[in-house]
Structures are given as C-alpha cells and as structure tokens.
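Presented below is the structure to which this report refers.
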Amino acid sequence: MGEAPAFIADDLHTSFSNGLHLKLNEFETATVIGNKTYVIGGINDPTSTGVRIFNKSTGTKPKPFKGHSTILLNKDRILIIKTNSKSNDSIWFLEVDTQFVEDQKKKFETEVVAWSKGVIGDAERPIVISGPSGVGKGTLINMLMKEFPSMFGFSVSHTTRDPREKEENGVHYHFTNRSVMEEEIKAGKFLEFAAVHGNLYGTSVEAVEVVADAGKRCILDIDVQGARSVRASSLEAIFVFICPPSFEELEKRLRERGTETEEQIQKRLRNAKAELEQGKSSGLFDHVLVNDDLEACYERLKKSSHGAFELLNTETEVFDLPMDFSLSKINEKILINSGIDERRIVLDLSSMKGGAPGRTRGLCMYTTGN
Ligand SMILES: Nc1ncnc2c1ncn2[C@@H]1O[C@H](COP(=O)(O)OP(=O)(O)OP(=O)(O)O)[C@@H](O)[C@H]1O
Ligand SMILES: Nc1nc2c(ncn2[C@@H]2O[C@H](COP(=O)(O)O)[C@@H](O)[C@H]2O)c(=O)[nH]1
C-alpha cells in the first residue's frame, strides 16, 4: 500500500480524536489509529477502493476554506492558493519533505506533514548570541534594541528558573514550571531547548514567529547547546559567540551583577569553562567577539550582523484574489490567471526563504494587466 501524506480537501469540518478536521465524502469511513487517520472508500473511483492516509500535521493550520488550487513545488511542499481571499492570507504550504518536516519526523518518530503560511516580504536572518553566563550578552543585546528598536526584536525564551528582581514575565522570559514546559516540549512547541545551570530553557517557535511577524530581525540569547540545535534546524541564523577577556573578569562580572547565590555562581563558572572551549573551537559560530571594552565589542557586533541595518521592507500591498482562477508555473513564478478579467497575479517564489519555522518569507506578489 502506497503511503503519502494527503492534503486535506475542501469543507474541513468533522473533528477526529487526533485533532484532524475533515469532511468525509459519501461512502467513506475514517478510522483513527494513533496519530494517523485512514479514510477508506469514496465514490470518485468506482474501480477501486481508495485509501487516504492523514498523518500527524504540525504548524499553524489555515482556517477551514472552501475553494483552493494546489501546485507541487520541488517535491517537498505543496503550494495551496485560496480563492476569494485576501492576498495576505491566501498562500499556504503543506510541507511534506522539507528540512523542518524531517526534523519533526525524527523528533516524533512518526510521519509528519507541516503547514506553513506564505508571508509576503523579507525577514533578515535571525542572530543567535551565545557565551558564558555573565559575559555581557544581555548588555549588548539591550544596546542593540535601544539603538534600533524598530529593527530588532528579542526572542523571549521560556525558563523554569525563578524570576530575578526587575524581571518581567513575558518580557525577559516566559517563566514556567518544569512539568508544563516538558509537556510543551513533547507537543513540539520548541525550536530548541536545553538544561542550563540546572534549569530548563527553550525558544518556542512562537517566540521567533512573533518577532518575524512584526517585520523585525530576531535576536536569540541562548546557550551553546541551544545554538547547536538551532544550527541543525531550519532557521537560517547568524551565530555570534561572546568571550570574556579573561576567566577572572568573567567571575568578577558575575559576582558584581549580584543576581546569583554563591552556589549558583560556582555552577555557572564551572559550566563556563566547557562553554568557552566549545564556543571557540567548534566551528559552530560565524563570529567570536571578545567583550573587553563594551563599546568596542558593541561596534564589532554591529559589523558582524552584516546587512542588519538595511531598512526592512515591511509594507506590502494587500489585494483580493478572485473566486475563479487557474494556476501555471514558469520557472520560479506562479501565474494566477483570473477566470473573469484580464488580471493576472504573479507570485514570485525565487527568493523564498524561511523567516521562522512555519512561516515562509521572501515571497513577492504583484498584479499585471487590468
Ligand atoms: N564589557 C564589559 N565590561 C564590564 N562589565 C560588563 C561588560 N559587559 C557587561 N558587563 C557587566 O557584566 C554583568 C553581566 O552582564 P550580562 O548580564 O549582560 O551577562 P549575560 O551574558 O547576559 O549573562 P547571563 O547569560 O547570565 O544572562 C553585568 O553587570 C554587566 O553590566
Ligand atoms: N538553550 C537556551 N539557552 C537559553 C535560553 N534562554 C537563555 N538561555 C541561556 O541560559 C543561560 C542563563 O541565562 P540566565 O538568564 O539564567 O542568566 C544564558 O547562557 C542564556 O544564554 C533558551 O531559550 N535556550
């Protein structure tokens, strides 16, 4: 029996215990086994009994919609264009064999397909900043956010550690507890997570999406293990490692910050040794900066994030897609030919790149003709 992840067709409105919504055709039955739904029967092909297999799907799904057209792209994703919709909510992808789907398959050890929304416009590569505790990552990031508030957005991580004085939930971290976070990790909500200095820390997919959706470049402050996970993920980031000028200076900064107990400081310093070795030698990082003089390091950080200071194109025109259209593909351009007038809408996929998992940016859409 051939097994292919299936696209869920029109009129998605029956719910199954595995969270799947679909409408069965006449004479079809649906059986849920684990996270797969087997739809058997159907009246479309009288010569055989069709079997459709609906696998576990992940990502933000589109709201149920009636009309759509599909086109297969590179055999790794299906492009779905909704009819009678606004251009900013018309483009969806069902990823069947992308890197993101492969990652999810490994994680869940099951077949997975993933929805991702096509987003028109650009999103610059996120910046991952790592380095031992107390080296000055947060200080440098704050300087960047203060100088360029509309350009950079901070990825607010989840953590199971207690908030420090002046730390706000949802601003500095999403403070949570271990059992809740473990459940959310199992549910695939995290792009990366790691046990750091005795607590769990993680970057949710949503934390990155929120920043990208605001048209800003995302900054992640995460440890070396997290950086390694992000490097292996579908997020195309720039990786920067911050070193102290000496171990003694690192200890001094950590103590003078005054936010940890002596026991915690000792633990962080022990971990710093391994982190410094990995950071400097692993080839994981694109840039290694020494934070001796703060201003000088900040200037080098800005240079490392090359391209970051170009203006982001966040303004995109919104227009209506027709009720009826046909699709054709020429190279990297999808032509949406209106069935009613001479108007033709062009979707240019040539610069297609991921701003965040579950979101595809770098798409350009424009109209030609009347
Ligand atoms: N170049 C510098 N020279 C002197 N002090 C610095 C420098 N950079 C940062 N600091 C100070 O070092 C302390 C630690 O900095 P910061 O909190 O930014 O570190 P961090 O790397 O974000 O730590 P953590 O990973 O624990 O969050 C702060 O008190 C900060 O003011
Ligand atoms: N892997 C991840 N590491 C993270 C994340 N958020 C923060 N961190 C790192 O944890 C340590 C300690 O942070 P602190 O706020 O308790 O001092 C530091 O190295 C951070 O970079 C995350 O989401 N994932």
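Using the three backbone atoms N, Cα and C, a Cβ is placed for every residue, glycine included.
Owing to the predicted nature of the structure, the values given are computational and were not obtained by experimental measurement.
Averaged over the domain 'Guanylate kinase-like' (124-306), the predicted model reaches a pLDDT of 93. The domain 'Guanylate kinase-like' annotation in TrEMBL covers 124-306.
Within the same chain, residues 130-134, 164-165, 196-198, 223-224, 228, 241, 243, 247, 288 sit at least 6 positions outside the coiled coil (255-282) and bring their C-beta atoms closer than 8 Å to a C-beta of that stretch. The coiled coil annotation in TrEMBL covers 255-282.
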